[in-house]
Each structure stands twice: as C-alpha cells, then as structure tokens.
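A.B. asks: Got a structure here, written out as structure tokens. Questions coming.
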C-alpha cells in the first residue's frame, strides 16, 4: 500500500471494522501513524456512524465486577456467530449510562467518567454537589453542530409534604458539562419529569426520554433535549399512533426515532418517525409476535401460558432486528420472513447493562 496515494489508503482503512483497524496498528510504524492520526479517526468514525453500517454492542458485567466489559463488533463477523472481546476499563465501578459518537459515559454515586473502551482512555468529570435524597438522571451525547461531547445531569427532589400528608411533586435542577470545560453550568429547571435514565435515546443531535404522564396520558410523552441549543422540547406523536399507554419505550433504528409498544401477542409494535419532528411521518413499520427462548422450549416447541415480552435494541443492514428478552436473552428477528434465531457468541456472556455503540479510536 506504500505506492497508493494517501487519500486512497485513508479511504480503504476507513472502511475496516474498528477491531480490525485497531489490530492493523501493529503492522508497521507508518500504518500506526496513519491509524492514530486525527484525519483517519474522524473519517472512520463518520463512516461507521452512517445508518447503513452495523453497530457494535458493549456489555457490562454484572456486580460486583462492573469494570469488566465485552465488546461485540457486528460488522466484523457473520450475522449469527459473534466473537466477544473482553476488556477492563477503570471507571470506579460506575454504571454504564450511554454511548455517543465513539465514547461511553459511566456514573456512580461519587463520580462521572467518559472513556473510549478501545483505547482505554478515560477522564473523570468535575465533582457535582448533590443531596442523597435527590433522584438523578444522567444523559450523554455529542452535538454534531459544535462537535462537542456533553453530559446532562437532571436531579429531582420533593418539595416536602403536602397538608394532606401526601408526597408533594418533585422540583428539578438541570446542570450540563461540556467536555473540555472546567466546570458544570446551570440550565435552571426541567419542565418535565422523566422515567429513568435507561429511556435515553439519541437521534439527530438530541437526547430523548419518556416523561411521566399527566392528565392527558399521551400528551408530551416523548421529550427531546437539543445538545446544541441546550433546550427541552416535546416530540409530536401523530394522532393515528396507537400505543400501550403505560408500556412503551424509545429506540433508535437506522438513525430514526422509534417507539416500541407491547402488543396483544406479548410482542412489539414498532412505530418509526420517518422524518424527524414531523408529526404525520409516524408509521407502524414492524409488528413482531411473541417469542420463546430456546432453553424454555418443550419438545414440540410450546410451553402453555408462558409468553415472555421483549424490547428492541438495534437493527442491521440486512434488515434484521436485535431483540432483548426480559430474561436478558438476545434474539435476532427477520421482519421479511417473520422468523427468530438465536445469535451465537464465542465465549461466555453474562451482562448487567448493554448499549449500542459506534466503535472508534477517537481520543479523549
């Protein structure tokens, strides 16, 4: 490749799976210099972030060994047989919060970390003062406009007891940290109360959560936070979108914001917002029936009265969707043939948390 023009070499290397690219650094000094250079790192990250490329998955081991992780690059192997890459990252046993643009965010009761699991680079953010009685939600994302990584901290604290002895509503406080700054900034109060940090989904440079229902159970249920403008906004749901009012979740599939709601067959109905923030662009694209994990199937393939539910994780360029069962089993669904298959992992896999990840060699 020494005789090839540099731009051709960069283009070839930018198409490699991130695990292959990382291994290629050992070929020679010139390759190492190119692969670690910011030009290739940015070009590779941009290409891997495109919706037509398959993502990676990061699995966090169960307690008490939270600093142990598994990395699966779905673009590097055949669709069914996956190789697990085991690694350790020192994050003070933090809980895996989110992945964004090649980096991961972790938090525990005393610290928040950002790291790249492939380069092992890690940075601890400035400490936040908080009360043990406060309930917190941490968000993490990348602004494609300003090219900045940002961490959002939302805390809720009850105002006290009402005169009728019932708990009063929460009051909120929002703080944000931009990577590269020296301190957190206050954004005032959040106009919504969100349902857990695990509802976070990032699409179009915005973080998304599900909010607590008000008097109108479906009004303002999906809330976005624009990482560039640093503002909250309700995402419109079309009138024709029918959801289980209490049991639905957010997911990003091929770069689109989606809502997945349980259906009558203990499966999923997945609504896709084809054009972001356009109310009438919601389409019910997938109707997935119930599924029984392999270890619970009887000899005739059925077990009466047992119908586990599941959630959508991500989709692949072949059209298949990775689903997570309530027992933390994983299964691939083929929407064309309406069939299920169990992905095979080379190595033991026990996990506590998981995130969809774009693998990169970006430096912190």
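Every residue, even glycine, has its Cβ placed from backbone N, Cα and C.
Unlike curated entries, TrEMBL annotations are predicted automatically.
TrEMBL feature annotations, pasted as is:
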DOMAIN    1-48  domain 'F-box'
A.B. asks: Return the average pLDDT for the domain 'F-box' (1-48) as a whole number.
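C.D. replies: PLDDT averaged over the stretch: 84.
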A.B. asks: Within the domain 'F-box' (1-48), how many residues are helix, strand or coil going by DSSP?
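C.D. replies: For the domain 'F-box' (1-48), the helix, strand and coil counts are 35 helix, 0 strand, 13 coil.
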